[in-house]
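Q: Straight from Swiss-Prot, here's the annotation block:
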ACT_SITE  9  active site, tele-phosphohistidine intermediate
ACT_SITE  87  active site, proton donor/acceptor
BINDING   8-15, 21-22, 60, 87-90, 98, 114-115, 183-184  substrate binding site
SITE      182  site 'Transition state stabilizer'
């Protein structure tokens, strides 16, 4: 049996401000730092250890990973950074307040943009200063690989090649993985692992900073999954994610 640990980054400054973040590179709040440390403490208390860590190229995920590994005394672990683990790109919504956007367009439309499988938000213009196409961290990518907007379907299509080419082979060789990523890149992985339908994925919310453990068989099919720590607290935190965007 293999174990895979997925952690959504701790609270970011734009989580706190209830803003659409996407690929915007915002930092953790003090609460987010504590959530990341608590994730490490939970993992340490349960006896978890790792051989390699994976994260995105966005600082809220990389800092979450660092604080988690620091609590585990594993800051020396090899870390694989990939843009494919970035948060879903929210297009022209990036930087906007979720509640104000809901008041303008309606709760239903914002829910579709936030949680539906195949409907992306309005795209950024290519020359919009919020676009990441001139960001040095994406310099080796083609312009088409740096999105101007994404739906979850697009995020799945971006994440799965990385799972198939890097993460899954590492697990099959017996390496123990911890992944610090984002709500939607984790939703993409969970959708694939659990075979969740396009319709059902709308209701899945990933809480900040709580380790999600997958136990996998030799074919990397899930045997079970669970959050570490207080299950009721994890459920409450997921519900809080679901309520974002409401006035």
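Including glycine, each Cβ sits where the backbone N, Cα and C put it.
Set these features in their place in the structure for me.
A: Sequence-distant neighbours of residue 9 (active site, tele-phosphohistidine intermediate): residues of the same chain at least 6 apart with a C-beta under 8 Å from its C-beta are 28, 32, 36, 58, 60, 61, 63, 64, 180, 181, 182, 208, 209.
There are 26 other Cβ atoms within 10 Å of the Cβ belonging to residue 87 (active site, proton donor/acceptor).
Cβ neighbours of residue 88 (substrate binding site) (same chain, under 8 Å, six or more residues apart in sequence): 22, 150, 151, 152, 154, 155, 182, 183, 184, 185. In the three-state DSSP scheme, residue 88 (substrate binding site) falls into the coil class.
The 10 Å shell around the Cβ of residue 182 (site 'Transition state stabilizer') contains 26 further Cβ atoms across the protein chains shown.
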Q: Based on Cβ atoms within 10 Å, give me the single least packed residue among the binding-site residues 8, 98.
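A: Each of the binding-site residues 8, 98 was scored by Cβ atoms within 10 Å; lowest is 98.
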Q: At a 10 A cut-off on CB-CB distances, which of the binding-site residues 11, 14, 22, 183 has the highest count?
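A: Compared across 11, 14, 22, 183, the most Cβ atoms within 10 Å surround 22.
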Q: Measure from the Cα of residue 87 (active site, proton donor/acceptor) to the Cα of every one of the binding-site residues 8, 11, 14, 98, then give the nearest.
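A: In terms of Cα distance, residue 87 (active site, proton donor/acceptor) lies closest to 8.
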